């Protein structure tokens, strides 16, 4: 019964969240709780945004070893950020309202994602070409961002450097609210489209035959993915393999690719892994390693394992 | 009625279809035959709006295929492509159920469940209903795809080489099912066939294509003549009469 598995996942996620809020509380309880609540919200929405965007991206590309980040979507976001610093200067950049900045960067990124990926996805590329294009685009945007970093003042560079590495510890209270809105709205739209996503997974021809307007559906889904990637990148920085890890895990757990099961399962798995991982590192290992590094390491291993098993088949 | 007027299709430097016009009245089973690269599949995918029209016009039941909303057309027209890519981790019953998507947008009711079970039964898939598609043989998967197209319940069905991978038993069964769909349910069936003898027995009309043009069009007895066949396929073959139906000895 897959529904039972979802319930178990939900129960585990709740338990982990409760433990995250309460384990090792000391000192000013009220203050600590408030701090933890903001971090909890951050981690949950980052997990949800990455999980959902990865599921949708994999469905659209008909490819289970892809994440939007492997295709360089987050590099696109960082490049936008660098370009903004270059044009405004660090003083102007810091002076900008972070929410306005976030909105500007997101819109820029969504427009560029649509321009770059829609023509490619309309005729489904085979996996090799798709991966190659993504990696090349990712390198291109990272290099462009590096170039901009070299051109700008070292002080200005310090401002943006912080946002180009995955960081699950720094909390951005200024962006939590707007991120929450974007995640909830995009998540709700995707949930309403869950049946259509099952059809989209069949490919362009079958989906068109069953009454899906392929180009429109693709453009809409790509915009949603871009918005969600913008949220997670703005909040914790680029994470390449986390989505792959949780979606692969969720798929194993519920043994289905149907979106009404996979979407919630991936969401819950992401929450469990993020909160649980953060707790283990913080309380048991005394913050010896950063969660970002651990997750990317495990996720990278999963990515390699999936590449090897799929090429064997 | 399907009305095809003066359509041409060019992909790169290759002329795939050249000024094809064809009218198919409602009802009956039409077989499209011809050598590889004749443009049969392209014609089918243009009718089913899987490719954009370059010139000319196509309408199905009065609905122009290039401007009618895709969802509206999906209630009138079902298409089965040759070698469709199949999503993994999908059960046979789920795939067949997708045929109901144009009508329900995912909300399956009792009537849909009945239709799904009937389609599973009809194509001998009841025992395989809960198996994953990637664990099936090519022929079984083909049957599941055909069952999905049937389940869509449209007045018009276009099938591109549905006999691919099917053994003799299921190939004959599928042709009989298509015949029954045309006779009993008054559906209009257009099917691309390579086995010309299936066309001879089951089709009302055979349209023969070569190099992007229609070269012969008529009842099986009219089209399956040695001179016409030699013109279409490029070699001589004997045609004998078996119980009133022509039998083409194309393999000798």
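Cβ coordinates are placed from backbone N, Cα and C, and glycine is handled just like the others.
TrEMBL lists A:43-63, A:75-96, A:102-121, A:128-152, A:172-190, A:221-249, A:261-281, A:287-308 with the feature transmembrane segment.
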> Against which stretches of its own chain does the transmembrane segment (A:172-190) lie, if we need a Cβ under 8 Å and a gap of at least six residues from its ends?
Replying inline: 38, 41-42, 45-46, 48-49, 52, 56, 98-99, 102-103, 106, 197, 221, 224, 227-228, 230-231, 234-235, 263, 267
> Under an 8 Å Cβ to Cβ limit, what residues of the same chain, 6 or more beyond the ends of the transmembrane segment (A:75-96), are close to it?
Replying inline: 104-106, 108-109, 112-113, 116, 137-138, 140-142, 144-145, 148-149, 151-153, 155-156, 158-160, 163-164, 229-230, 233-234, 238
>> What residues elsewhere in the chain lie close to the transmembrane segment (A:287-308), defined as a C-beta under 8 angstroms and at least 6 residues from its ends?
In response: 64-65, 70, 165-169, 236-237, 239-242, 244-245, 248, 273-274, 277-278, 281
